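One structure, pasted below without further comment.
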Amino acid sequence: DKAPLSKSLLLVPSTISILLTLLFQHYQKFFAYNLQAIKEDFQIWRLVCGRTICLDLKDTFCSSLLIYNFRIFERRYGSRKFSSFLLGAWMLSALFDLLLVEISQYMFGITINSLPSGFLGPVFALFVPFYSSIPRVQVTQVLGHFSITNKSLVYILGLQLLTSGSYIWILALSGLISGICYSSSILKVHRILCVPKWVAKIFSWTLEPVFSSAEPANEVRVGMGATVDIQRQQRMELLDRQIMMSQVAQMRRQRQQQGGMINWNRLFPPLRHRHNANYQDHHPSEQGIPPPTEVSEEQVARLMEMGFSRGDALEALRASNNDLNVATNFLLQH
């Protein structure tokens, strides 16, 4: 839902890759990422074919799962900005592929004539905004020391994709470098390598109706994990946390009743009760009420993409002074 470009990247290249592997194996040579043919014979078309379709089904499976998880960026930024990032990362990673191959040959004497095929450079480039902009929420712990978060599965998929080929580390490194360059506010690459508005309108008129889908109505939106398995685990964790929070609150009430702790609420009424009392007396104290904290709409949109309502997101951000991680943990625990 609301990610037609991600859906097209998930379906079209995967279908072509499966067809080339099972039925049309004699056409695989046209989709090989042959650097020697590009440099010596100037077959530039191999850059398009070789850097779009995977010829290994393992790479197809891992890259498809990563694109599925990274669809959150298209929902957050829009299809045009998301496609601009993919286009810029694709072009920059193609340049860095050639540079890294030349550096490897010059420094280590490694001659590389071909690289793994597929849409791998932009996929690795998406790890840069994923690391910097997606909040980290702990799901569970292994052996009491190792934390499992909502981002762990994505990193495991990236590691699996990284270890699937001999020279795929070049594609991973060039993708990460291109993602950093495109996301950098100093280089201003995003202003140069972007999809024009008229191109985005043409694709929105032609391809978006084909790959768009309606929002699911039967499934309750839980904005915690990137996959269904993580969401199920986090539902269980959320129930456990609610039980623990209720037990802790009950223990605190018992201690306050026994006199083991000072009940500050008896001496100083809460601010909410003070505000209600002033309102009932029709004498609101405007000077005693602090001005409301300005909330960033971008952070509100991020929390709403996780499944929380706008009112809860605003309240959590105001209570946490616009700290996204603290607000996320607050919403998960309350």
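Yeah, the Cβs are placed from backbone N, Cα and C, and that goes for glycine too.
All TrEMBL annotations are machine predictions without curation.
Residues or ranges marked as domain 'UBA' by TrEMBL: 294-334. What TrEMBL records for 6-24, 82-100, 106-130 is transmembrane segment.
Help me understand the surroundings of these features in the structure.
This prediction places the mean pLDDT of the domain 'UBA' (294-334) at 76.
Within the chain, the transmembrane segment (6-24) has long-range Cβ neighbours (under 8 A, six or more residues past its boundaries) at 31, 52-55, 57, 60, 64, 67-68, 70-71, 74, 82, 118-119, 207, 211-213.
Residues of the same chain lying 6 or more positions beyond the ends of the transmembrane segment (82-100) and with a Cβ under 8 Å from any Cβ of it are 5-6, 35, 39, 47, 51, 73-74, 115, 119, 121-122, 124-126, 129, 170-171, 173-175, 177-179, 181-182, 189-190, 193-195, 200, 203.
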Work out, from DSSP, the number of helix, strand and coil residues along the domain 'UBA' (294-334).
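Per DSSP, the residues of the domain 'UBA' (294-334) fall into 29 helix, 0 strand, 12 coil.
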